[in-house]
C-alpha cells in the first residue's frame, strides 16, 4: 500500500491563484513513482523558478501580497468576540504609584507620561485593488489605493504590557527601512485576504458617476509600507505624486471639493504625525485641526475614517492639539459620529481619539458629559453581554478593539507618583481623568448598566480562563478607581449600620460620643453584625459585593499581568481603607470568607514594585482588625518579614513598601508576640535600625521607629533587642520622642 506524501495544509484563500504558494511541490503521481530524490529536488527547484517568473509577470495587477497586514510578528491570541479577522496585541509596561490623602489608604490607578501607544493597520478595508470597470460604486475603501501604504494610527492607552514585537517602518519614499521601537507596542488587524477582482462587499459610502481610474504615480515606485511586502502604490488621480506630498499641501487637500483629495490629505497627515512629532505643530499652525473636525461630518466613510485617524495621531501626547480639538468642537463631532456610524474601522479611530483626549484634565468634564453615554450605550454595554431584562438597547456587533478603546477612555491615568500613607489613607493625584475625578466617579457609578457591564465582562473572562485579556485590565482599572472613597461618597449598608452602631454606643456611654468607647468603635475593635448582601446587586452595589471580591481574588490567583494584579489589589485596598465598618467587613470577607490571604501574600513575591506596594498596603489595612490577626499571622508574617529582611530599597516604591510592612508587623506582633519572635532575625533588625536612621525615606523611618518602640514595650520581644545590644538609651536616640508621640496619637 502506497501512502500519500505529507504536504503542508494552508487556508484555501491563500491558493485562489494556484501559483500563490511559498513551496512548489511535484504532483502526487510524481511523488509516488520511483524517481530518485535528486530528481525530485531538481523538479521542485524548476517549479519554484517557474512560479516566481509567473508571479513577477503579474506584479502590475496586484497591489499587495495576500497577507494584508501592515505589521508583522505580532500575536497575543486576543480573539474574544472577534469578527472575520484576527486581532493581535502586545503591550508596554507603565509604572504606577500613589499620592497621599489625609484619611484613607487606598489608591487610584495612575500612569506616567511615557504611555504606551499602539498602531494598527486597516489593510482589510483599504488595500483592495479594483481593476478598471470592475464596479460602478464607491465602497468604503474603493476610493483610495495610494493610501493603503501609509495609514497608521496610535493611541495612548495607560496599560501595562510586555513588548513582543518591533515596528518595522519604511520612511515615505524609501525602501523598507527597518527601525526597532522597543518603547512602543503595536496591535494590527490582519485581513488574511489576497487582492480579489470583484466589487467590494461593504455598502457603498457614496455613489460614483464613473469607475475610478488608477494610474501609477510618476515618482511613487518606492515601497511605503511598514514591514509589509513590497507592492506598487496607486492613486485615483492623474497628477498626484505621493513622494512630493507635504504637510501644507495635505492641509490644502482637506479643503478640496473632491472627497478623494480630502482622504489623501487626511491620511498623509495621519501617517506623517505617526512618524514625525514636529508635523503635529505644523498642522496646528496651518489650521488643519479645524478642517479635519469638519471632515468628520462628511457623508463619505473613507473621509470620516481618514479624518478621525489623523486627529487621533495629532492629539497623541500633544496638549495643545487636544485643546484645539476641543475648541473646534472636535469632541462633540467625534461623539456624534460614533453615535451614528456602524463602521467598525471608523469606531476604532473615534474611540482611540477619545482615549487620547481623556488624559487631559481640561477635557474631562466635557468627555464625561458627552462621551460617556455613547461609550456606555453603543460600545461597553452591548459588547459585555450584560442585560437587565428591561432594556430595549440595541445589541449591535461591537469590535473587540472598539471595546478595548472605550474602556481605556474610562480608565484613569495620573501624571504624578501616588504615595501610600503611614496611617490608613487612600491615594489621590493632581492629574486625573474620567473615572478618577470626583465628579467623574459619581457620574460613572450612577450610570445605569455601566458597572454591571464591566463586572459581567470581567467575570465572564475569569470563567473562560481569559484572565490576561487586555480589556480585562482596562475594566479592572475602572473598577479600581470607582472603589476609591466608596464608603464616603456612596450610601451603603455599611454606612447605615455604622450610624446605628454609633447611636447605640452614644446611648450607653455617659461621657458622650467623644469617649474612649467612641474611639474604640471608630477603630473597629468591637463586634457588630455585618449587613446582609443583596442577592442581585446593581450598579455601585457591585463594588463591595462578595461576588466582586471573589472575582478580584480569582484574577489575582490566575492573571500574569502586573497591571491587572495591581488593579485587583488596589480595588481591595480601597475597600479596606476606611476607619469605619466597611473596612472591617471587607477585610473579613477577603481574609475569612473568601480565604484570599494566600493570593495577596504571593503579590509580595512579584518582581514588579507596583504590585508589591499594592499588596503590602492591602495587608497593612487588613492588619488593623484584630479578628484577622490569627489567620494573618501564619499566612502573611513570613512574607512581610521577608520584605523587611531582604528588600533592597532601590525602587521608587521602596519607601511605601517598607513602611506598610513595618505597620503590618507592628499590628500582628501585638497579638502574637511568640509567633513574631520566630521571624525576627538579626538581618531584619539591622534593616529596621538602618531605616530609623535613614533621611531619604522619612515615612519608612517613622514606621520603623514605631515598630522598634513597640518591640521594646513587649516583654516577649524586648529580649530580642537586648540580644542585639540595644538598651533604652540607644533606642530613645533612634526613635526620637517627639515623632513617637505624634505617630502614636495618630493610631
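For all residues, glycine too, the Cβ spot is worked out from N, Cα and C.
What Swiss-Prot says about this one:
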type: MOD_RES; residues: 4; note: phosphoserine
type: MOD_RES; residues: 118; note: phosphoserine
type: MOD_RES; residues: 119; note: phosphoserine
type: MOD_RES; residues: 121; note: phosphoserine
type: MOD_RES; residues: 142; note: phosphoserine
type: REGION; residues: 1-286; note: region 'Required for interaction with EIF4A1'
type: REGION; residues: 1-234; note: region 'Required for binding to single stranded DNA'
type: REGION; residues: 48-68; note: region 'Disordered'
type: REGION; residues: 160-269; note: region 'Required for WNT-mediated nuclear localization'
type: REPEAT; residues: 243-274; note: repeat 'ARM 1'
type: REPEAT; residues: 275-316; note: repeat 'ARM 2'
type: REPEAT; residues: 317-359; note: repeat 'ARM 3'
type: REPEAT; residues: 360-415; note: repeat 'ARM 4'
type: REPEAT; residues: 416-463; note: repeat 'ARM 5'
type: REPEAT; residues: 525-556; note: repeat 'ARM 6'
type: REPEAT; residues: 557-603; note: repeat 'ARM 7'
type: REPEAT; residues: 604-649; note: repeat 'ARM 8'
type: REPEAT; residues: 650-713; note: repeat 'ARM 9'
For the repeat 'ARM 4' (360-415), DSSP counts of helix, strand and coil? 35 helix, 0 strand, 21 coil
Treating G and I as helix alongside H, and B as strand alongside E, what does DSSP give for the repeat 'ARM 7' (557-603) in helix, strand and coil? 36 helix, 0 strand, 11 coil
Can you work out the mean pLDDT of the predicted model over the region 'Required for interaction with EIF4A1' (1-286)? 48
For the repeat 'ARM 6' (525-556), find every same-chain residue at least 6 residues outside the stretch whose CB is under 8 Å from a CB in it, and list them. 388, 445-446, 448, 451-452, 455, 458-459, 462, 467, 472, 476, 479, 482-483, 486, 490, 492-494, 496-497, 501, 564-565, 568-569, 571-572, 575, 581-582, 584-586, 588-590, 593-594, 596, 599-600, 602-603, 626
